[in-house]
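J.: I have a structure I would like to understand better, so I am pasting it below and will then ask my questions one at a time.
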Protein chains: 2
Amino acid sequence: MQDEFAFISNISPKQTKQPSLIYGIGDDAAVYRGSNETDEVVCVDTMVEGVHFRRDTLTPFQIGKKGLAINVSDLAAMGATPLYYLVSIAVPSSWTEEELSTIYKGMSELADFYNMDLIGGDTVSTDGPLVLTVTVIGRVKKGEAKYRNQAKAGDLLFVTGYVGKSAAGLALLLERGLDGEFSLAEQDLIKEHQEPIPHVAHGQILVNSLYRGALNDVSDGVASEANELAEASNISIVIEGNKLPIHEAMRHYDREKQLEWALFGGEDFVLIGTVAKEKADQVRKEFEEQGLMFEVIGYVEQGQPNVYLSNNDQVLKLEKQGYNHFQKRG
Amino acid sequence: MQDEFAFISNISPKQTKQPSLIYGIGDDAAVYRGSNETDEVVCVDTMVEGVHFRRDTLTPFQIGKKGLAINVSDLAAMGATPLYYLVSIAVPSSWTEEELSTIYKGMSELADFYNMDLIGGDTVSTDGPLVLTVTVIGRVKKGEAKYRNQAKAGDLLFVTGYVGKSAAGLALLLERGLDGEFSLAEQDLIKEHQEPIPHVAHGQILVNSLYRGALNDVSDGVASEANELAEASNISIVIEGNKLPIHEAMRHYDREKQLEWALFGGEDFVLIGTVAKEKADQVRKEFEEQGLMFEVIGYVEQGQPNVYLSNNDQVLKLEKQGYNHFQKRG
């Protein structure tokens with residue numbers, strides 16, 4: 001399958017037809033001027049049964065909740081406040097009305113948390129698998145939306161939560177199924193996979209404090225997202241392996257497995273971003289005042305738009321989907 | 001399949017969580033306040049291969065163009081100016097990259113006409129039929145969006161174009177296929193089915209002139225949409241059969257067939273609405289100045305929210321999907 005936006009990624013803001021369109025094409029969200037004080041942010045994501053979710057790892061409630069969460073996380077990564085959502089579902093006859101209704105209930109639970117309104121949608125029948133498309137609309141202070149291309153040499157790289165939990169949880173679900181027996185620690189991992197909570201408040205701290213920096217969510221894994229920051233900002237990133245926040249529930253897995261999930265697992269809907277080194281302590285303080293995690297995991301340097309993992313005195317080039325052991329840094 | 005919005009149609013604006021949300025839930029579009037001067041309008045529609053379109057009646061280019069047109073027509077029915085669109089496609093492996101690209105080209109052709117920007121989307125793979133979800137965003141003068149519930153007794157009912165052409169064109173396509181031979185008149189009908197042009201300018205006349213009145217597009221057929229106006233406005237509507245504008249290319253069909261297509265065919269993306277009787281001449285003049293059609297086809301009365309067809313001294317109750325010969329008016 002071609003990449004998302006394959007057909008439109010070559011459109012730059014300068015080529016847009018609407019003067020109010022600002023930026024964001026090629027990111028997971030678009031930004032346009034709504035008023036003299038605010039910009040609107042809009043994102044859309046599609047989940048297909050059997051491709052993006054499986055009924056043996058997510059309940060209908062969780063399919064809905066996660067479907068909305070994925071989109072809200074795209075808003076969070078811009079620093080936007082979620083406002084509205086629209087839901088389009090193509091549904092096969094194998095789904096009951098009640099199961100379908102439960103998908104909406106899952107979305108509603110998350111939406112209530114952010115005071116989001118469901119303002120539209122379309123429900124149609126299909127002979128194929130269930131296809132769930134969610135559109136979300138948010139708002140951010142004029143000119144203050146966060147993008148991937150704002151990292152500069154000298155910045156520190158941070159994440160706003162543990163990484164790898166979702167992948168570890170998925171592995172457990174695939175091993176034992178929805179009805180399997182799980183320890184409390186395992187349930188914690190599974191919950192992160194099934195019902196992730198987007199880091200909306202985290203993004204808003206950065207917007208409200210007017211810090212310059214790049215921002216993204218970790219939907220496709222730390223390695224992939226760090227590479228996107230490096231490419232968009234045209235800088236080089238070094239990730240310090242021993243600084244990656246690995247949750248206690250993952251401690252008993254061997255180090256190799258931990259790193260694999262943390263770097264390449266994806267679906268951890270925490271944020272990854274950069275801030276100037278001299279601002280990092282202040283940002284950390286603001287996160288801590290709200291009881292939120294802020295973990296520095298590396299730094300930004302001038303250089304080719306590559307990502308390196310510094311781990312146990314070894315430096316590896318980190319591709320989006322894996323290590324490259326042969327291409328040492330230099 | 002349950003109706004669109006089945007799960008949310010009971011939400012009223014008073015129950016919304018966002019103070020900036022105005023109206024439109026339950027319509028095909030939602031309206032929210034964007035600034036002190038403008039309201040934002042957003043719509044989403046989904047087309048499934050084999051359910052909403054067939055490859056033996058539409059080319060990939062036309063699937064794209066019509067997919068966007070359907071949504072732009074929802075904006076037109078609010079009087080909004082189209083600005084942006086987002087495209088989400090779940091695509092099976094039976095579609096080539098080139099065909100997929102051609103869908104986008106079809107949308108782009110229509111979008112260029114309105115200066116709309118493609119600002120996002122998602123392209124994913126599926127084992128099922130192609131599912132195309134389009135989200136459109138438009139803008140309208142603050143407080144001036146048109147709704148279905150603004151009809152009043154004494155209004156005249158109008159349409160902004162010929163009705164029944166799309167259904168007649170579809171019948172021809174189903175009979176002879178995409179590669180069939182068609183007369184010029186037949187090609188005109190087919191074009192209306194394959195590449196409808198939404199009536200954006202028509203809706204804007206009503207908004208800019210600040211006329212009070214109900215408005216809708218004829219996507220589901222005159223009978224269905226008139227019933228929606230009657231229900232939303234709690235008034236009674238009489239359609240005068242001899243005033244329905246039937247295009248010359250349909251003249252050779254028998255009267256019964258003409259009426260069937262005009263009333264129940266659907267996918268004529270013209271507008272249907274009401275204006276106060278004393279304003280109708282002025283509105284007609286404004287339409288004519290722009291070379292646009294404005295045809296009065298009936299009138300609004302106090303009474304139960306029903307729709308009647310007055311045809312050859314006979315009055316029939318018009319249901320959304322058919323006549324009711326037994327339930328005479330009175």
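The count begins at 1 with the first shown residue.
Cβ coordinates are placed from backbone N, Cα and C, and glycine is handled just like the others.
The annotation Mg(2+) 4 binding site is assigned in TrEMBL to B:D28, B:D74. What TrEMBL lists as Mg(2+) 3 binding site is B:D28, B:D74, B:D217. Here TrEMBL flags B:D45, B:D74 as Mg(2+) 2 binding site. The Mg(2+) 1 binding site feature in TrEMBL is assigned to B:D45, B:D122. If you look up TrEMBL, you'll see B:H52, B:E267, B:Y323 marked as substrate binding site. Residues annotated as ATP binding site in TrEMBL: B:Y104, B:G121, B:D122, B:R148, B:S219. Marked as Mg(2+) 5 binding site by TrEMBL: B:D220. The domain 'PurM-like N-terminal' feature in TrEMBL is assigned to B:26-140. Sequence annotations record features per position, and here TrEMBL assigns domain 'PurM-like C-terminal' to B:152-304.
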J.: Translate the DSSP assignment of B:Y104 (ATP binding site) into the three-state scheme.
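T.: Note: B:Y104 (ATP binding site) is helical by DSSP.
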J.: Roughly how many Å lie between the Cα atoms of B:S219 (ATP binding site) and B:E267 (substrate binding site), rounded to a whole value?
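T.: The Cα atom of B:S219 (ATP binding site) is 4 Å away from the Cα atom of B:E267 (substrate binding site).
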J.: Per residue, counting other C-beta atoms within 10 angstroms of the C-beta, which of the binding-site residues B:D28, B:D45, B:D74, B:D122 reaches the highest number?
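T.: Result for the most crowded candidate: B:D74.
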J.: Mind sorting out which of the binding-site residues B:G121, B:D122, B:R148, B:D220 are close to chain A, meaning Cβ under 8 Å from one of its Cβ atoms?
T.: B:G121, B:D122
J.: Around B:S219 (ATP binding site), how many other C-beta atoms are within 10 angstroms of its C-beta?
T.: 21
J.: Could you check the binding-site residues B:D217, B:D220, B:E267 and say which one's CB has the most other CB atoms within 10 Å?
T.: B:D217
J.: Please identify, among the binding-site residues B:D122, B:R148, B:E267, B:Y323, the one with the smallest Cα-Cα distance to B:D220 (Mg(2+) 5 binding site).
T.: B:E267
J.: I'd like to know the mean pLDDT over the domain 'PurM-like N-terminal' (B:26-140).
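T.: 93, rounded to a whole number.
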J.: What kind of secondary structure is B:R148 (ATP binding site) part of, going by DSSP in three states?
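T.: Where B:R148 (ATP binding site) sits, the three-state DSSP reduction gives helix.
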J.: When you measure from the Cβ of B:H52 (substrate binding site), how many other Cβ atoms are you left with inside 10 Å?
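T.: So the number of other Cβ atoms within 10 Å of B:H52 (substrate binding site) is 22.
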J.: Looking only at C-alpha atoms, tell me how far B:D45 (Mg(2+) 2 binding site) is from B:Y104 (ATP binding site), rounded to the nearest Å.
T.: 16
J.: In terms of Cα spacing, which of the binding-site residues B:H52, B:D74, B:Y104, B:G121, B:Y323 are within 10 angstroms of B:D217 (Mg(2+) 3 binding site)?
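T.: Of everything listed, what lies within 10 Å of B:D217 (Mg(2+) 3 binding site) (Cα to Cα) is B:D74.
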J.: Going by DSSP, is B:D74 (Mg(2+) 4 binding site) part of a helix, a strand, or coil?
T.: helix
J.: Return one of helix, strand or coil for B:E267 (substrate binding site), based on DSSP.
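T.: DSSP assigns B:E267 (substrate binding site) to coil.
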J.: How far is it from B:R148 (ATP binding site) to B:D28 (Mg(2+) 4 binding site), counting Cα to Cα, in Å?
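T.: B:D28 (Mg(2+) 4 binding site) has its Cα 10 Å from the Cα of B:R148 (ATP binding site).
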J.: Tell me the Cβ contacts of B:G121 (ATP binding site) under 8 Å, same chain only and six or more apart in sequence, or just say none.
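T.: Once residues fewer than 6 apart are set aside, B:G121 (ATP binding site) is near B:L86, B:V87, B:S88, B:I89.
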